[in-house]
Amino acid sequence: MQYLITHFSEFQLACLGSFFIHESVFFLSGLPYIFLERAGWFSKHKIQLKNNSPAAQEKCITRLILYHFGVNLPVMLVSYPVFKHMGMKISLPLPSWRVVLTQILFYFILEDFIFYWGHRILHTKWLYKHVHSVHHEYATPFGLTSEYAHPAEILFLGFATIIGPAITGPHLSTLWLWMVLRVLETVEVHSGYHFPWSLSNFLPLYGGSDFHDYHHRLLYTKSGNYSSTFTYMDWIFGTDKGYRKLKALKSDEDEHSSKKM
């Protein structure tokens, strides 16, 4: 961190540095799922049998580059004065792990709460037709589709991601860590694969790819599973009933099949 502080200005690190980290983590974590789908590797762990065409994948990448430079980067530039005003720090020393852990946990909980309600609103008839349907062009999601959305949605739901750091004014390193974790999480839940090592198999209340993939497969009025990270909001408000019913039926079928064997 000392090297970065010495060689780059606060503005360059907070804006351009954040954009570079976001792009690097997003594409490096998301592109492998395209190759997995094309090669047919790990197909037994793929949630849906359907594959996206190379043309559809390339369209997604092209649009993403446009959105990232046309929407994400300007938002980072405009957000900088807000974070600065709220006390964001770049200088040493780095915050303690307790502070970082507390802030990151707060960001996840707050983001999930705001995202849930924002996402439900986007599934109302008019907003779905004119805004959110762009994201649902891919009924079979893959990692990079996580950020494929209408510019208005990018701004609308992006607010859920930046509001926590904007409130607390964290150290830039904490902001970067939050951004990396959030990107990895949203890429994973849109991956289209559910592996034995997937985090949802070990972390209670974490939705994961199986939970969100269900959301993409159904019509907008019946989708449910609106949360971004956790499952408790959908459980509390009953918007995961269809998903839980499907899982129960699948469990019964698996149990019945094992008894036959």
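Glycine too: its Cβ is placed from the backbone N, Cα and C atoms.
Copied from TrEMBL, the annotated features are:
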{"type": "TRANSMEM", "residues": "16-36", "note": "transmembrane segment"}
{"type": "TRANSMEM", "residues": "64-83", "note": "transmembrane segment"}
{"type": "TRANSMEM", "residues": "95-117", "note": "transmembrane segment"}
{"type": "DOMAIN", "residues": "105-239", "note": "domain 'Fatty acid hydroxylase'"}
If you run through the domain 'Fatty acid hydroxylase' (105-239) with DSSP, how many residues end up as helix, strand and coil?
89 helix, 4 strand, 42 coil
Compute the average pLDDT of the predicted model within the domain 'Fatty acid hydroxylase' (105-239).
94
